[in-house]
Protein chains: 2
Amino acid sequence: MQIGFIGTGVMGNAIAVNLLKAGHTLTVFNRTKSKTDNLVNLGATWADSPKLVAQKSDLVFTMVGMPTDVENVYFNDDGIFAGLTANKTVVDLTTSRPDLAKKIYSYAKSHAIFALDAPVSGGDIGAKNATLTIMVGGELSVFNQIEAIFKEIGQTVNYFGPAGSGQHTKMANQIMIAGTMTGLTEMLLYAKAANLDLNKVLATVGGGSAANWSLSNYGPRILKDDYTPGFFARHFLKDLRIALDEADKMNLTLPATTEAKRLYEVMVDECHLGDQGTQGLINSYK
Amino acid sequence: MQIGFIGTGVMGNAIAVNLLKAGHTLTVFNRTKSKTDNLVNLGATWADSPKLVAQKSDLVFTMVGMPTDVENVYFNDDGIFAGLTANKTVVDLTTSRPDLAKKIYSYAKSHAIFALDAPVSGGDIGAKNATLTIMVGGELSVFNQIEAIFKEIGQTVNYFGPAGSGQHTKMANQIMIAGTMTGLTEMLLYAKAANLDLNKVLATVGGGSAANWSLSNYGPRILKDDYTPGFFARHFLKDLRIALDEADKMNLTLPATTEAKRLYEVMVDECHLGDQGTQGLINSYK
């Protein structure tokens, strides 16, 4: 199958590599061209715009940064929809706004194009090892057609309902992580202030009813002052903003998540630490 | 060894059973006498006050409710210290204030009595199966003398430093859980509002970087509207209040934990749901 891939940052690049390894023919585009070099070396073809990628593809994946990037990549004059013909499929892997996923779906539907929203979790390691969790929204029949390809890039692939449902599930995921990250951060600050052996605290607390992935994975990195991004704090903040905007639209008040967003705003906007990983939150506490 | 056990609620009772099974001679006291009946049937001896328990014991365990209960049990006219002679040992298993642990230690030290603070985690099931995590503060030499007995009632037994360090470690544990519980609650509220299949969301979110013990254990109970306490919400609120008081003394501001405390105050104080388990937090959201 002719596959297009737009957005080859850390995550997108690793996913594209797995699609190439699975034997697909890839046409690629990225804002910074050099980030497609390794893919071209593996046999992918460069195209000069999302539109040109779309013209050469049966299925186009996108994995870009912010919702505005998603909107541009799909709807600009040189965007995907300017180049895509009927019966082709688009899949947005970006974590983005549920209402934008619905907008893409509606536009696609009216042009006989198939569209799925399919944000992922599992980070750069999951992307590299094809162990991502993929949360899919859109029409079930379209999901069924693409499922085999999802399985080439991810391990847990689940369908959640109509357009936007993949994004909503990812937002639920990020709301949960907001809790584990703020809890981990404040737990370590408390334990440090109390002069406890932090390695021992992590081992003990992480072995019981407080156990969680963030503690096991980010706890030891924080103790080594390792704030290199598994997941950029500024991207996580973007996700929390989307989640809380959506919650607001559903008349839902989420005070703990709102507080987590505020704390990540301090980290990213006031302390300018958005290029650290989410575990860098601890650096913005006074 | 002659062991005294004061406070035979759900947790204390199960621990006392394990001490009896291990072959120790037990003298027991509890505010509600009937809650020691099963222990007397297993061979324990009832005593009419903490003082009388202390007079008959080489080692006294306490597991009562609130810090004020701890204070009374140790310092009242009919309390432990009124009955205990030199070279005996006291171990407080209650989750209580670090500064109270230090006060007990200091008083004990000045009377040539040994004292440890040793709060536990692992819940009623951990108490029953002797798989508790025990976090110990006090003098290392005293810990070493008691360690074998701790191993009869718990699985993970760790020493954390001078008096109060066990309590501080438990507070760190509760701060972490404040994050997982608020995150889980708000994640489920969001997913429900977005019309997602909640069982599917739990399975997916719980399989990746948002994975945590609260989600795996309390998530399914919440979906079944099962709010029976594994751990009483009002006890958890007590713990968060202690943790934040201690943080305040250490000039530490913990905004996410403060917000979690506020949410549990709404649940316990305003909605009067303190006798539900911690997972009942979701019932106090509007």
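Note: Cβ is positioned from N, Cα and C throughout, glycine not excepted.
The active site feature in TrEMBL is assigned to A:LYS170. Classification of A:LYS170 (active site) by DSSP places it within a helix. Long-range Cβ proximity for A:LYS170 (active site), meaning a same-chain Cβ under 8 A and a gap of 6 or more residues, is found for A:THR95, A:PRO119, A:VAL120, A:SER121, A:MET135, A:ASP239.
Feature annotation from TrEMBL assigns domain '6-phosphogluconate dehydrogenase NADP-binding' to A:2-161.
For A:164-283, the entry in TrEMBL reads domain '3-hydroxyisobutyrate dehydrogenase-like NAD-binding'. Looking only at the domain '3-hydroxyisobutyrate dehydrogenase-like NAD-binding' (A:164-283), the predicted model's pLDDT averages out at 97.
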For the domain '3-hydroxyisobutyrate dehydrogenase-like NAD-binding' (A:164-283), the number of residues DSSP places in helix, strand and coil: 87 helix, 3 strand, 30 coil
